[in-house]
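Engineer: Next up is a structure, given as structure tokens.
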Amino acid sequence: MPKKELETANRPDNTAFTQQRLPAWQPILSAGIVIPGFVLIGLAFIGIGVALFLTSRNITVLEMDYTGVETTSDCYKCSAGTLPNCVCNLYFTLNETFPGTVYFYYGLSNYFQSYRKFGASRDDNQLSGDTYYFTSPLAVCTPYQYDVNNNPIVPCGISANSMFNDTFNLYQLVNGSKTVPLDGRGIAWWSDYNIKFRNPTSDPLRNAFNGTVKPPFWSKPVFELDLTDKSNNGFLNQDFLVWMRRAALPNFRKLYRRITGPDYASGLPPGNYTIEIAYNYPVMSFNGRKKVVLSNVSWMGGKNDFLGVAYLVVGSLCIVMSMVMLIVYAKFKFPDDV
Amino acid sequence: MSDHPSHDMLFNETIPDIFICQTRWDLRILVSNLPYEGLPKTKQPNRYFPGNAVKTTKYSLWFFIPMNLYEQFHRFANLYFVGLAVLNFVPAVEAFQPEVAIVPICVMLALTALKDGWEDCRRFRSDRRINHTSCRVYSRKVSGFVERHWKDVRVGDLVEVASNEIIPADLLLLHTSDLNGVCHIETASLDGETNLKRRLVVPGLNTQDSSFEPQNFHCTVAVEKPNDNLNQFKGYIETSDMKRLGFGIDSLLPRGCTVRNTDLATGFVVYTGHETKSMMNKNGPQYKRSKLECKMNIDVLFCVILLFSMCLIGALGKMSLNVPLFLTPGSHGHMDSNPLSGLYMFFTMIILLQIFIPISLYVSIEMVKMGQIFFITNDVDLYEEKTDSRVQCRALNIPEDLGNIHYVFSDKTGTLTENKMVFRRCSVTGTEYSHNENGKSGKCKFPDRKLLQRVLAGGGDWDGCGGIRRCEATDLYLDFFLALTVCNTVVVSTATTARAQRQRVWHQSTSEIDISAQRCYVAESPDEAALVHAAKVYGFMLIARTPNSVKVRLPHGVELNYQVLDTLNFDPHRKRMSVVLRHPISGEIVMYTKGADYTVMELLDFERSAYKLNTASTQRHLNWYAKEGLHTLCFAKKVLSESAYKNWSLLRQEALAAIDNREELLMETAVNLEKQLTLLGATGIEDRLQECVPDTVMALREAGVRLWVLTGDKAETAINIAHASRLLDQEDLVIHMNTDDKAVCKSILDRSLEEGRRHTRPGYPGLSIGLVIDGHTLDMALQSDLVDRFLELARLCRSVLCCRVTPLQKSTVVKVVRERLKVMTLAVGDGANDVNMIQAADVGIGISGQEGMQAVMASDFSISCFKHMKKLLLVHGHWCNSRLSNMAIYFFYKNVTYVNLLFWYQFFCGFSGTSMIDIWLLIFFNLFFTSTPPIMFGVMDRDVSAETLLGLPELYRTGHESEGYSHFTFWIAMLDAFYQSLVCFFIPYLTYQGTDIDIYTFGSSMNTVSLFNILLHLAIEIKSWTLVHWVTMLGSVALYFTVTLVYSATCISCNPPSDPYWTTQQQMSEPIFYLVCVITTVVALLPRYAHNALIYIKGAHIFHWPTFLQPAPPNQPSPHTVSLSLFHSLSLCLPQVHIPCAEQHAGPHPPHTGEASGAAGPCHPGTVDQGVEGVQRRATGRAELPETDPGAGAFQNHTYTLHHQQSPRNPNSECSPAPPQC
């Protein structure tokens, strides 16, 4: 019945939205959709799981603890931390070729880089090359902001100070010992190396650090970290960059080197090897462990069986679920048959 | 002043005199401002009174921020946030950078401030508009009225108001353009009553001579102090010759009302601005706390406990863990002792896990409720075309309570019935005339042929000169219709066209325009209008009414102008009114009285035996009318001798002039006159049931709602209406309680209880029980020693009728039921007598009907007719309840799931309070990425379609079974949240353990996993996906990735120590990340999804967790058939369900099955009138009443189960909603 506008001024808009009649799709959980759905998901997961598992199986990992807890270990002598410049050796034998590009990691256990204070204690301004902060580091760096003589510490803070300083050399024991070349280039994140961390612009680099002192744990100042490669110094030192990217979990490994060289580019041949370790880093006091990890990688990263197994388990679970549902469905669909 | 020295003198003399009299009331003494015009403010006599400007704003511009902050900090939630922010500034316990930690609180405060500011701004604008409205105030300078703004009106001014203008302040009426000193006003804005009210110039103030000169108004006005009572006002005027003239509410023109039918009125301003009656009656929407929120608060407390225990675990962990030495190997810098660092850790953890307590839930719930109310008010089904009104929500925070109502308390007149009166039957001199056609059409248009003949025949030779005593019989018929015509307060309005049109649309029965004469009857009660219209049909037409005369056209065209000597107005104690007239020709003084039958019958002159027979048969008719549910009125007359009238008139004058006890004196004089009456006849007016009332009642009953009707009417009328509206069925066991003796009352209660228990025993297919209780008896039953018994009985009853109850009793009943039975109550009513009840109930619903707006003003929701209750409760109530509870549960779940990730991480960062997720992303996650979907879910999700909800009212019970929100669902959600957070943490953990993954890459993968998990969890919960759902869900994901990618590409070292730079990009370049995302989401959601799917597949036999674990009591209607989890299937598979509109057009009477008196229990059939106890089966057959169609009877016994996919209901009904699209 047509009415004058005035008389129906209060009439609500009769739209699908205001009347809550928007066309709606209702997800239907009917057996015809859910059961095949579960089967499909299950099959897909099992497929992925198998692929992951096989990939993971094909990754070779060699982990060797060199903390020196056991008296039999060559590094036992160094673990007390009393000997200066202690060097120990780690021997290992490969019965078959260690295939692919081999990555050389060092690993630490029970080491909390994720500790809040550890992470907070650094000055990103320093690390981006801002020399103002060389003379007055941020207060978050305490207790490594200034040394006892009130000289600013660069790089300041707990993170930098506790940088891992064991060094490794790898030798193949064939006809005496043959150095396996280790390549330390490009082991840090591209973004860290090129954008986040910057050296102060001064030549030579050390001039920028006048009036500052090195972190107390360090044996060398930051501009002399790598004496062999001039560009690998300062805050752009690859090992430093790797260390400063804090590990998420207390048991972690960090990339130390890639094994390169004409003889080893496609893997380590079988034979006897030794790693010569300059044992500097103390971990015994907090029950930490140090290890060396040699590993090749695949598209899924390092060796990890978990994900493959998980996919397999969940996939099978989905299949089981679908069967349970089928039984339930049959039972209630045809109740007389049961 | 100097040119008017006389004024000066006058006031110098008068004022002290009046101050002496102040002892009697708390008085306000006022004089006119005119003599002081132009003087500085300090000389103004009325300077102490506030101005007429109103200010409803809360804040001022300059102090908005501090005042708003002060206001906001009254809320606990904000204090919690501020406390955390402050805590964060303590270096020892900080978890985030302090600046970042204040972001949430700032956002929260800013949003609220913005909302408050906007609301205040609107109030400010409306204030300004009102304050700048112009009106005319008398000015001495120009010797006339000048335009002023409302805000400039002051107490003591003289203001002139023209027809259709709004009154700017409370005015004491001094003069009108009407010769009789009458001014009509419409008080719709004040109390919503649209009828015209008559206001009189202060009696005795002789201003009605041709020229009223405001300049010459030198009286002193004394009025009471401002108060908020709309119906009370008193004071007096002391004239210059020291005469005191009392006045009452009849002389007050309240601010905000509109002058009608009066060309000009002049008034003296007595109250201004905030002291006016209308402003003192204004109060904002009430704050009610919904039941769901109360339950939720308990769960928030649980959250606090959980949070504290988690923080304690953190603190203990920190204490037990030795601080790694690599942190402080140096000599300088000291570490805190373990217990101290543990304590610090406790607080750090509180900061870190702060969103464990879902403070933002409150803000979200407010927003959701706003959305829900938007949809309720915009429902076109709840729009009433006749009055152009939609449902209004006055309480903004209890929409979900609508979905959880156990008891509905309803008024009868105007709520169940239309309160549009139809003249149905009358009995004149003992003869009954039924007006069947009126009954069919619903209008007072058709005369009864027999009666019309009788009237015309009797009056045929009566041409106005023969005198009244010509023929006794005719005389009585004539008198009867004259009484109908004149014995009322109906005003013949010569309204402006606009108003007339509006009235035609709004009030078709109370005021109908006589098109030919452009005449419109405005009556205060619909009964009066119905009677006047009925008389008009028989040729007795009311033509004009002034305070002193009433003009009537008689059937043969003669117009007589009766002089009205006095009107004895209706009052609730006498329950009658009388008009004393002088016949224009014979000069005889006649009094016509109209009133409730029992009061009038008592006053009859039984000395005159001729009437005895008539009286007896009239009484019989009256009883019959009452049983039919008609409103009965008796008419009587009395002829007064000149001398008797004179004597009485003197007393009356004295009473009128009295200042103290005026009311009592007036009543006494009225009672003195109203005796020894001669009965003329009786009328039965039908108050028809509103549209679709039986259908609505049935639906509510099926929905498990107990209906109580509380009415001031007689039991017979109430029972009849109850049957008509399906509150009682024919086969119901009806218990009548009507006694004056408490002991009897107790024994009835005991016996009825026994009887009732027998019928409601589990497994026994007993009868439904109805209880009819009288006001007196109710009083006794509610006394402390009987109340438990009464309530137990009432609990066994499906419907309860309380008759002859006072407004106070109505609210007492509601309160008792609400508090003793711990149930959700809803009261619905339309009149001022329902206000108490509406306020006492958990949810108050006002019906904006014929009786003004007082009920609406007191209510939480206002609707325009009873049938809207059905959709309001069954659909909107259910939706709001389920939406809000699901949303709240989800909110708890969401926060716990997310924040637990941080908790688990504490085990891997040495309990140091590290967050592996960048703090900005952490805040954004809750603030932006996952905030809109739940709100949209809470506003828009539809678990069941409206058609299904209306078709299967049983679904409403799910609200009762607390399937929506309960502590159980809360704990299930919490368990699920813990499980999901474990999955979301440990699957990435196990994947990445032992690798070189860094903190923020690890966190970023977890963040993404959580986002998918949390959103997909919601996706499982969403029952129907509309475009809005898709947009919000996909939008949230898109927003997350955009913000995260942009943020981690730009934040190089913007937020140390966190280091999100390039992490997301790095992460997204690795295939393993996607594999982790997929498996984590699947594992986290698998249990819930599989559970839902299993339930679905099992169909009707396994249910949601609550009902699954708590079997329903055996005698309860099984909730299994209506579990929420089945709603998908219902809404999809059910055929269209239609609801029949029960047969109110065929007449309000249900089918009758004949007498079937009580086979059960100690029973006294038919003892209603004797007031004796009894338990009886209700059956009062009346063969002559129309039978209803059998289909309606069949459907009432039908119970629905899921397997009944066919509805037996009549599909061609006009009460059903639009056919659903299946």
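A Cβ is built for glycine as well, from the same backbone N, Cα and C atoms used for every other residue.
Pasting the relevant annotations from TrEMBL:
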DOMAIN    B:45-101  domain 'P-type ATPase N-terminal'
TRANSMEM  B:298-321  transmembrane segment
TRANSMEM  B:341-363  transmembrane segment
BINDING   B:ASP411, B:THR413, B:ASP830, B:ASP834  Mg(2+) binding site
BINDING   B:ASP411, B:LYS412, B:THR413, B:GLU528, B:PHE570, B:LYS594, B:THR711, B:GLY712, B:ASP713, B:ARG804, B:LYS810, B:ASN833, B:ASP834  ATP binding site
ACT_SITE  B:ASP411  active site, 4-aspartylphosphate intermediate
DOMAIN    B:856-1094  domain 'P-type ATPase C-terminal'
TRANSMEM  B:905-929  transmembrane segment
TRANSMEM  B:968-991  transmembrane segment
TRANSMEM  B:997-1020  transmembrane segment
TRANSMEM  B:1027-1052  transmembrane segment
TRANSMEM  B:1072-1090  transmembrane segment
REGION    B:1144-1222  region 'Disordered'
COMPBIAS  B:1196-1215  compositional bias 'Polar residues'
Engineer: Could you work out which of the binding-site residues (B:ASP411, B:ASP713, B:ASP830, B:ASP834) has its C-beta surrounded by the smallest number of other C-beta atoms within 10 A?
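Structural biologist: Ranked by other Cβ atoms within 10 Å, the binding-site residues B:ASP411, B:ASP713, B:ASP830, B:ASP834 bottom out at B:ASP713.
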Engineer: Sort out the residues at least 6 away from either end of the transmembrane segment (B:1072-1090), same chain, that have Cβ-Cβ distances under 8 Å to it, and list them.
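Structural biologist: Distal contacts: 976, 979-980, 983-984, 987-988, 991, 1005, 1008-1009, 1012-1013, 1016-1017, 1020.
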Engineer: Express the distance between the Cα positions of B:ASP834 (Mg(2+) binding site) and B:PHE570 (ATP binding site) as a whole number of Å.
Structural biologist: 20
Engineer: Given a Cβ distance threshold of under 8 angstroms, which distant residues of the chain, six or more beyond its ends, lie next to the transmembrane segment (B:298-321)?
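Structural biologist: Same-chain residues near the transmembrane segment (B:298-321) but 6 or more away: 338-339, 341-343, 345-350, 353, 356-358, 361, 892, 896, 903, 906-907, 910-913, 967, 970, 974.
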Engineer: Can you give me the same-chain residues 6 or more apart in sequence from B:THR711 (ATP binding site) with a CB-CB distance under 8 Å?
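Structural biologist: Looking at Cβ-Cβ distances below 8 Å from B:THR711 (ATP binding site), excluding near sequence neighbours, one finds B:ASP411, B:LYS412, B:THR413, B:THR717, B:ALA718, B:LEU801, B:CYS802, B:CYS803, B:ARG804, B:VAL805.
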Engineer: If you run through the domain 'P-type ATPase N-terminal' (B:45-101) with DSSP, how many residues end up as helix, strand and coil?
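Structural biologist: Summed by class, the stretch gives 26 helix, 0 strand, 31 coil.
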Engineer: Ranking B:341-363, B:968-991, B:997-1020, B:1027-1052 by the number of C-beta pairs under 8 Å to the transmembrane segment (B:905-929), which range is first?
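Structural biologist: Of the candidates B:341-363, B:968-991, B:997-1020, B:1027-1052, B:997-1020 scores highest.
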Engineer: Including all protein chains shown, what's the count of other C-beta atoms within 10 A of the C-beta of B:LYS810 (ATP binding site)?
Structural biologist: 29
Engineer: Mean pLDDT over the domain 'P-type ATPase C-terminal' (B:856-1094): what is the value?
Structural biologist: 90
Engineer: May I ask which residues of the same chain, at least 6 positions away in sequence, place their Cβ under 8 angstroms from the Cβ of B:PHE570 (ATP binding site)?
Structural biologist: B:THR489, B:ARG576, B:MET577, B:GLY595
Engineer: Starting from the Cβ of B:THR413 (Mg(2+) binding site), draw a 10 Å sphere and report how many other Cβ atoms land inside it.
Structural biologist: 25
Engineer: How many whole Å apart are the CA atoms of B:ASP830 (Mg(2+) binding site) and B:LYS810 (ATP binding site)?
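Structural biologist: Here the two Cα atoms are 13 Å apart.
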Engineer: Give the helix, strand or coil assignment DSSP yields for B:LYS810 (ATP binding site).
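Structural biologist: Reduced to three states, the DSSP call for B:LYS810 (ATP binding site) is helix.
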Engineer: Is B:ASP411 (Mg(2+) binding site) helix, strand or coil when read with DSSP?
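Structural biologist: SS state of B:ASP411 (Mg(2+) binding site) = coil.
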Engineer: Using DSSP, would you call B:ASP834 (Mg(2+) binding site) helix, strand or coil?
Structural biologist: helix
